[in-house]
Amino acid sequence: MARDQLQVLNALDVAKTQWYHFTAIVIAGMGFFTDAYDLFCISLVTKLLGRIYYFEGHDKPGSLPSNVSAAINGVAFCGTLAGQLFFGWLGDKMGRKRVYGMTLMLMVICSIASGLSFGKDPKAVMATLCFFRFWLGFGIGGDYPLSATIMSEYANKKTRGAFIAAVFAMQGFGILAGGTVAIVVSSAFKALYPAPAFQVNPVLSTVPQADYVWRIILMFGALPALLTYYWRMKMPETARYTALVAKNAKQAAADMSKVLQVEIEAEQEKVEQLDTRKGNEFGLFTKQFLRRHGLHLLGTAVTWFLLDIAYYSQNLFQKDIFSTIGWIPEAKTMNAIEEVFKIARAQTLIALCSTVPGYWFTVALIDKMGRFTIQLMGFFFMTVFMFALAIPYHHWTMKGNQIGFVVLYSLTFFFANFGPNATTFVVPAEIFPARLRSTCHGISAAAGKAGAMVGAFGYLYTQNAIGLRNTLIVLGVVNFLGLLFTFLVPESKGKSLEEMSGEAEEETTAATRESAMEAGLEVRSSV
């Protein structure tokens, strides 16, 4: 097998961890940093939008109508799902690098545009916000399959899991940055424009300048994306795409010689031989793909779908918890800008204590423990903690027991991130053939976003219909199903991408078949 593998791919597989690995993590990771910032910062400002545009009178602060709230929270997910499928497919057709630049520019433009609005009327502001959040989500969607694929194709065998997980872990810093920016902006405006609490003066509690707060927070998301655009465009195309899909061994060798700083032979003839003999050109909708990778794709898509139902429901559940334990006081006791500050402070604390550490535990241990073990363990503990919250739910609501509730709730977040939230991103970038890798990752990620939509909209419905305790039980069952479907996903620790996708095996069997035929011909001719 090693004899048949292209020298350029072998060089990448056995390369020592070098500076270019870390630059690739930062460049791909900054996209994810921006994704998380843009997707999660909206939850920090929805209450402010309600106060500004839906003032209801003197009884209680204005809030977004449920249909408007659902649209603002969900529209970016719809865009993300569409973007994952479209850019995933495009990444396999046009190359990872070219499509990467498109997604980034789309994110920059739509981040800025979502902070602007056509007119001041509530309907006009909300319609503009929803329109640009959809296209922002579309760009973010493209970042999922492309970042994962680029990192997996750049990494070496030994530490590939950690590198892909590190790209995904930048999401934690993005969530943290969203909270930090909201804290800084709201603190500055609170100091510059003091206002009474809502119960003291409902009209003056929302100063006109509050309208700038949410716009600044949303538009700030364009900055990290803009900063990495230049570096993304300087990255060469991945050698696996150039050699195995574009069939240009010379370019692949030249690019990687520069990156790895070693001399690599081009081997164009070998690429052409592999192309003619291995019969490895089956497409996504073929019996051959179904036979080889059908169950793998089902496993990666369903586990991501189930994880995101639970994960995004938990995110929505945060505000209820914060109010229950008194981290966020009653809305009427604060002015509009103060409320943004308190929500941001609470979310930043959760991110700092459980979300970010969970991601980095995965980075540290994924190449030691393996993807399968971490995913199984994560789903198991998420199931246990969800039932531990749900079954004695009445106990947790009693005075003095809320801290225990928060600890268990934080642990479900920790094991989501030190578990399936990271591994569902890593595995689809490793187990499919190069020419379908980005597409299959996009399909798996899109299944995840469908789960996020089920979680976001379903949670609001089930909470009203069956109550919070039963909703938690449903989420526990969802996590348990995730644990069962994990058994469809293969372990990819320590193996080359070609080994995992079956491409190396085909090259070897094709080579063996060819040499057997030659040997047969020689025997016949000697007879």
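Even glycines carry a Cβ here, placed using N, Cα and C.
Copied over from TrEMBL:
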| type | residues | note |
| --- | --- | --- |
| COMPBIAS | 509-519 | compositional bias 'Low complexity' |
| DOMAIN | 24-494 | domain 'Major facilitator superfamily (MFS) profile' |
| REGION | 497-527 | region 'Disordered' |
| TRANSMEM | 20-46 | transmembrane segment |
| TRANSMEM | 66-87 | transmembrane segment |
| TRANSMEM | 99-118 | transmembrane segment |
| TRANSMEM | 163-192 | transmembrane segment |
| TRANSMEM | 212-231 | transmembrane segment |
| TRANSMEM | 348-366 | transmembrane segment |
| TRANSMEM | 378-396 | transmembrane segment |
| TRANSMEM | 402-427 | transmembrane segment |
| TRANSMEM | 439-460 | transmembrane segment |
| TRANSMEM | 472-490 | transmembrane segment |
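Sequence-distant contacts of the transmembrane segment (163-192) (same chain, six or more residues past either end, CB-CB distance under 8 Å): 21, 24-25, 28-30, 32-37, 40-41, 44-45, 147-148, 151-152, 154-155, 207, 209-210, 212-213, 216-217, 220, 224, 335, 337-338, 340-341, 343-345, 347-348, 351-352, 355-356, 358-360, 362-363, 366, 417, 422-423, 425-426, 429-430. Here the transmembrane segment (66-87) has Cβ contacts under 8 Å with residues 38-39, 42-43, 46, 49-50, 54, 99, 102-103, 126, 129-130, 133-146, 316, 438, 442-443, 445-446, 449-450, 452-453, 456-457, 460 of the same chain, all six or more residues outside its ends. Through the fold, the transmembrane segment (439-460) approaches residues 66, 70, 73-74, 77-78, 80-81, 84-89, 91-92, 141, 144-145, 148-149, 284, 293, 297, 300-302, 304-313, 316-317, 424-425, 428-429, 432, 471 of its own chain, all at least 6 residues removed from its boundaries and within a Cβ separation under 8 Å. The list of residues near the transmembrane segment (212-231) in space but at least 6 beyond its ends in sequence, with Cβ under 8 angstroms from a Cβ of it, reads 23, 26-27, 30-31, 33-34, 37-38, 41-42, 44-45, 48-49, 52, 101, 104-105, 107-109, 111-112, 114-116, 177-178, 181-182, 185-186, 189, 337, 340. Using the rule of three or more Cβ pairs under 8 Å, pairs at least 6 apart in sequence, the transmembrane segment (472-490) is not in contact with the transmembrane segment (20-46). Distant neighbours of the transmembrane segment (348-366): 161-162, 165-166, 168-169, 171-173, 175-176, 179-180, 183, 318, 327, 374, 410-411, 413-419, 421-423, 426, 493; these residues of the same chain sit at least 6 beyond its ends, with a Cβ under 8 Å from one of its Cβ atoms. Tertiary proximity for the transmembrane segment (402-427) is limited to same-chain residues at least six positions away from its ends with a CB under 8 Å from its CB atoms, namely 144, 148, 161, 164-165, 168-169, 172, 300, 303-304, 307, 310-311, 314, 317, 321, 324-326, 350, 353-355, 357-359, 361-363, 365-366, 371, 374-375, 377-379, 381-382, 385-386, 388-389, 396, 444-445, 448, 482, 486, 489, 492.
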